[in-house]
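Asks: Sharing the feature lines straight out of Swiss-Prot:
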- 532-541: compositional bias 'Polar residues' (COMPBIAS)
- Asn48: N-linked glycosylation site (CARBOHYD)
- Asn71: N-linked glycosylation site (CARBOHYD)
- Asn115: N-linked glycosylation site (CARBOHYD)
- Asn126: N-linked glycosylation site (CARBOHYD)
- Asn148: N-linked glycosylation site (CARBOHYD)
- Asn166: N-linked glycosylation site (CARBOHYD)
- 478-541: region 'Disordered' (REGION)
- 1-22: signal peptide (SIGNAL)
- 403-429: topological domain 'Cytoplasmic' (TOPO_DOM)
- 475-550: topological domain 'Cytoplasmic' (TOPO_DOM)
- 596-608: topological domain 'Cytoplasmic' (TOPO_DOM)
- 664-802: topological domain 'Cytoplasmic' (TOPO_DOM)
- 732-796: zinc finger (ZN_FING)
Amino acid sequence: MDNRGSFFFLLIVFYLLLSSQSRPPLLDQDRERQREVARERDALRLLNESKYGDFDPPGDKWLPFAGTRKNDSYAWGILPEAQGRARHQLRSAISNAGLEPPRSLEDPDALPSLNLTQLLLPVYRNATGKLRGDWVRRKLNKEYPKLNTTAIALEHGYFTHEFGLNITGSSGTFYLDLREGGGEELRVDSGQVREIRATLAVESNDFWGNTWYISLFGVHFPETGAIILSSNSEKFEGLFVLPHLAFSSDAYELSHQLLLNSLSDTLSEKENRPPTLFPWSSLIGSEQVEFPAPKCEHIIYLQQHPVTIHDYLADKPVVDQIEEELRFPIGAPVPPAPLMVMSAVVFSPDCGYILETKGTPDFPPSEGLYLTGPKIEEYDKYSARLVFIICGVFAAQITLLLRQIKEASTPSTRSRISFYTIALMAFGDAFVLIFILLELYPAVSFLVMATAAFLTFLSVSYIGMKFMMEIWAVQAPERREQERRSNPPASTPRSTGLPLPATSAPVRDSGATPIILTPDQDPPAEEDDQPTNRGTTSAAQETRNDVGAMYARFYFVLFVMLIISIWSFLWPNRLGALYARALAFVYLSFWTPQIGRNIIRNCRKALRWDFVIGQSILRLFPFVYFLTVRGNVLFIHPDTTTAFALAGWVWIQVWVLASQDILGPRFFVPRGWAPAAYDYHPILRDGDESEADLESGGVLPIGALRAEDLSGDAKDEDKQRTKDRKRAVFDCAICMQEIEVPVLAARGSAGGSSVTEGATSILSRRTYMVTPCRHIFHSTCLESWMRLRLQCPICRESIPPV
């Protein structure tokens, strides 16, 4: 085999991996980069020269930064109203905790003289965590002029006037992810401030629903729990404006000094970095965005509420001890960490709207007030516990699957199992793992995730796939037979001119020696040995090719479904929710293919009952958790209706399987709707062999059985019974014990109705089985025998699977 192409391909890949990834910038790029650095140096100088009160849009005071100039036509007239709502939320948070708020909070004119950084509250000093809460759109008191989008598009070279991140709808849900650490921090006698970054997902509650993702950077005052966040882009230099958005002069001074230090370090780092088209990198280590598009800018005021333990205000030293134990656990006797609670006001200066969280007294407590969520340490702990539970679920599923594989160790038992039932289970395992990895990978250690991934690989790609391949190979002849029946070969005319005489037969051997057939009517071995071997070899090769095609199709369908499912995150919320519920319904229908195969094959006991019940409970667990627990780690909206519907659907399927096991696989299927299949549990009735119709199933004359009746009709214990009903006793050739079977009266005899007789004998029929060759055995004996071979124990004739 020629491998020169592969060698050259690997050589090129090796060269690309070892080659330097950094290239000197082009001359035009270097000049643009120098101009960009000069502009940013000038902006930093202007920030250093500014002072508190320089930015006052109602007083016609503006800043020289992009987005805060007078001719930018932003709706800065809404800023006082947004700040008023933020002050109101601060007062409510202090009052609800049982503390007395400063009186100067009521008077906006007295705010500049207020020392907000000295307002010490019992709050978490590290605000890193994940929070969720409902929001409403605030109705503005007056109309403001619309943004001059044409001028902005011309200034920045945008190819469209459509703004992204324009939040619509009157209500929805906030999903806030706060991250501290790795940024600048400033500690002085007057207070403390540090950098913070956040990601805000805004979900609307309109009909289709939409979700917007906003990246934010800002400052956090740990002593008071106040946070100011802003977006940043080439048309809005939000980081330079942040200090001027503070409520008091002391907060301005702290944030002003912090940002001067941080932005100076960032600019120094940027001078040594390859060029980028993004005009400003917000924080050190933040991601850069090349080719920005126009979008709505946002400013967010967050206020953390004082921590309460069992509805009592916590002391500040206790809160510090809780935080210390969370970050460096040593087993200290501290109370469990309460959830973080925050109020939020979201203000868009260019798109002109205000969003705020629900709070008292405007909304009752039953509405789900404020933003609530665990600190990141608690969230990581909950996530790790969930992954551990998922690992336990996978381990239990693997155990049940191994038991079922051991039970279905013969071709007879494997032919009863539906391939699509096992395939749906494997699909579900793969989906559960991949989406948990996508959502919880940053919160859970690599070792825990590797354990879950290994168990899933074991369940899907090793044990499950091996079982599916065995089932697929065993059922290959059945599929080929169905294809032959659906596509019969076209008849070809004889090549000879005249047909043979009716009394003649084609001569196969012209020798004088006659052909003597064996008693079992088998053809001569020398004539058919070679074709049989050739046919067996071709059938085995065809089966191997069929299994390989199934393997490729399985992973192709899995890959396509994963791509579509990941793409569904970008769909409108309602459409994505409908897709997720439809996918869950299809996945939890894994018993439906088995029910259908039981009907087609007319078989009852295909799966172990511990496998059926165990898999049903284990595979329902993730759906019940995420759809019923409000504080689940993925912040999925509770939907008990869907949870109960999915659980009820699985319950119905299990009951149908149980009914098929007791009443028969086709008890609810009208006669003629399913293909004909042999019934191993016919009703025995008085009559001679001429009335036998074995293929029809249902009723079999007692005289058609090839067994010795040991009892007759004159047994003493049967004399008390009705004349139209008796029992017969036969020998089971497997266990050598007697079989006692009920025998109904012959047709036309006087007695009870056939409906009554059939109802009373439906359970007793399950104790015996009659083969197509008319031999009778105990059900348990013959089923055990048929697990090993599909031959009659007496006459060795082939018999169909149960």
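The backbone N, Cα and C atoms fix where each Cβ goes, glycine too.
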Asks: State the non-local partners of the topological domain 'Cytoplasmic' (403-429) in its own chain: residues 6+ outside its ends, Cβ under 8 Å from one of its Cβ atoms.
Replies: 394, 397, 456, 459-460, 463-465, 467-468, 470-472, 474-475, 478, 554, 557-558, 561, 586-587, 589-591, 593-594, 596-598, 601, 603, 605-608, 610-611, 615, 619, 786-790, 801-802
Asks: Taking the topological domain 'Cytoplasmic' (403-429) alone, what is its mean pLDDT?
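Replies: Result for the topological domain 'Cytoplasmic' (403-429): average pLDDT 90.
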Asks: Could you state the CA-to-CA distance between Asn115 (N-linked glycosylation site) and Asn166 (N-linked glycosylation site) to the nearest Å?
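Replies: If we compare the Cα positions of Asn115 (N-linked glycosylation site) and Asn166 (N-linked glycosylation site), the gap is 35 Å.
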Asks: Per 10 Å Cβ neighbour count, which of the glycosylation sites Asn48, Asn115, Asn126, Asn148, Asn166 ranks highest?
Replies: Asn126
Asks: Rounded to a whole number, how many Å is the Cα of Asn166 (N-linked glycosylation site) away from the Cα of Asn71 (N-linked glycosylation site)?
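Replies: Computed Cα spacing between Asn166 (N-linked glycosylation site) and Asn71 (N-linked glycosylation site) is 22 Å.
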Asks: Of the glycosylation sites Asn71, Asn126, Asn148, which one has its Cα closest to the Cα of Asn48 (N-linked glycosylation site)?
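Replies: Comparing Cα positions, the candidate nearest Asn48 (N-linked glycosylation site) turns out to be Asn71.
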Asks: Determine which residues of the chain contact the topological domain 'Cytoplasmic' (596-608) at the Cβ level, with the cut-off under 8 Å and only residues 6 or more beyond its ends counted.
Replies: 403-404, 407, 413, 415-418, 657, 660-661, 664-666, 669, 674-675, 677-679, 783, 801-802
Asks: What's the CA-CA gap between Asn126 (N-linked glycosylation site) and Asn148 (N-linked glycosylation site) in angstrom, rounded?
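Replies: About 40 Å separate the Cα atoms of these two residues.
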Asks: Counting every protein chain present, what is the number of Cβ atoms, excluding its own, within 10 Å of the Cβ of Asn71 (N-linked glycosylation site)?
Replies: 8
Asks: How big is the Cα-to-Cα gap, in Å, between Asn71 (N-linked glycosylation site) and Asn148 (N-linked glycosylation site)?
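Replies: If we compare the Cα positions of Asn71 (N-linked glycosylation site) and Asn148 (N-linked glycosylation site), the gap is 9 Å.
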